[in-house]
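S.K.: When I checked TrEMBL for this same protein, it listed these features:
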TRANSMEM  108-129  transmembrane segment
TRANSMEM  141-165  transmembrane segment
TRANSMEM  238-261  transmembrane segment
TRANSMEM  293-315  transmembrane segment
TRANSMEM  327-348  transmembrane segment
TRANSMEM  354-373  transmembrane segment
TRANSMEM  378-401  transmembrane segment
TRANSMEM  421-452  transmembrane segment
TRANSMEM  464-485  transmembrane segment
Amino acid sequence: STNCMNTYQTCSGGSLQPSMKCVLLCRRDDSGRLSVCSKLCYAIGGAPYQITGSALGFFLQIYLLDVAQLDPFYASIILFVGRAWDAVTDPTVGFLVSRSRWTRCGRMMPWILISTPFAVLTYFLIWYVPPVEQWKVLWYLIFYCLFQSLQTCFHVPYSALTMFISMDQKERDSATAYRMTVEVLGTVVGTAIQGQIVGGAIAPCLPGDLDVLDNSNTTLLGSDVNISHISLDETKRAYLIASAVICVMYVLCAAVLFLGVREQEGCGRLKTEPMSFFEGMRMVMGYGPYVKLVMGFLFTSLAFMLLEGNFALFISYTMGFRNDFQNILLVIMLSGTLSIPFWQWFLTRFGKKTAVYIGITWAVPFMILIVCIESSLIVAYVVSVAAGVSVAAAFLLPWSMLPDVVDDFKVKNPDSSGHEAIFYSFYVFFTKFASGISLGISTLSLDFAGFVTRGCSQPDAVNLTLKVLVSAAPVVLIFLGLLIFKTYPIDEERRQVRPNTPTIRDSDTELGSVV
């Protein structure tokens, strides 16, 4: 580029040297600091994914079972197929993004802009109960899959944008901390909006199976059904109102991201031949540090996703706090938001691997505690505060460490570039695919245990299943993830080797003197 050439001419006394040397020098000089405003605008762009994700994660399962009144078997199919489809679209979108041309808006921004209006429409329709009973399963399956695909078209380019907002690793780490703070705050907002609006219009539970009531109670039965029907309609409206509010916030956050962030094109970046989808997959999955990082966080992420997906049911039925579950979920997210700055300081002071070991294991004693004691609202809030601290670490660390792996790959493969979106998309792919399996299995397990839709109480087998899903299974997954993560090779010393400070070979004498 012209700026790169001018910079090189200034440093070399006016003589223009070959382009490769120009590229290396440009990568050093073009790594300016990001303003706080730019970091905030970038961070706000991550809020839509977490706002909608927290609403779906905490409430979709209980919505399908208690409001849409689907059989648990069909609810498990919707959750599994939706997450599995979402996982499949991630590497596909990542591959397409990596081959996208640069435009005046950048290479990532057009994906974000075009997908946003369609994403909010499909999200709203997820929370609408169609009037035709036999089409319910197909309705939710179609719109859940469509929304996941459109949100992928937003989130994969946004995640890869981390590598294009600055060429400086410290600036990217700082921007990632801003992003994680806003994203955890986004989960608070999503949980608060959905929980508080819906929590004020919860349909009453049914004391028993209406189908087996005696005929002598026909009058009482008719009145109970009528009252329940009215309350259920109010609950449906509350879900629609909550989804409309979230849709507005989704659009506003996307607008702030577009207007406040300038995507930086790789200055004078060496051009590489476009690779096929399978070549990209082999490249990513053949890189050892990336595989170890992804597999380690795969298991720990699964642990927190199992907890997230079943915690509302656990609080409502096993602990008996049906009218307080939305407040308990809100406490978890608030605690996580306030903990993000602490974990950013901790990983800077003690290293990222140490932060992983301490941050992820922090929740384990509290996961065990909540299923070993009798139901207590005070204990539930204490556990929620402690769990939020660990949730913050689980949010921050994967996205803070992925750029390190990409940088490490660039150092080892200096002739390969433009594959950032592939690295990010495959990480999201494995996480979502596994979470889809886990949510499908957990919902199916509740079906086998005899879950009663909208029942005031559940059989002992259901309560036992919920305890396993929010405690025993997550604890095992966390320890498996930490065992894998122990082999992760990128420590603080290795992390200091940057792709924008390339190793100078002996043959690079002239370039070495200039640099």
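Any Cβ shown, glycine's included, is placed from N, Cα and C.
Quantities reported herein were computed from a predicted structural model and do not represent experimental measurements.
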S.K.: Give the one range among 108-129, 141-165, 293-315, 327-348, 421-452 whose Cβ atoms make the most pairs under 8 Å with those of the transmembrane segment (464-485).
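M.R.: So the stretch in question is 293-315.
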S.K.: Taking residues 6+ outside the transmembrane segment (327-348), which of them lie with a CB under 8 Å of any CB in it?
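M.R.: Residues 54, 58, 173, 177, 180-181, 184-185, 187-188, 191-192, 195-196, 199, 311-312, 315, 321, 354-355, 358-359, 380-381, 384-389, 391-393, 395-397, 400.
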S.K.: Count, for each of 108-129, 141-165, 354-373, 378-401, 421-452, the Cβ pairs lying under 8 Å from the transmembrane segment (293-315), and report the range with the highest count.
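M.R.: Per the Cβ under 8 Å count, 421-452.
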S.K.: Would you kindly check 108-129, 141-165, 354-373, 378-401 and say which stretch has the most C-beta pairs under 8 angstroms to the transmembrane segment (238-261)?
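M.R.: Comparing 108-129, 141-165, 354-373, 378-401: 108-129 has the most Cβ pairs near the transmembrane segment (238-261).
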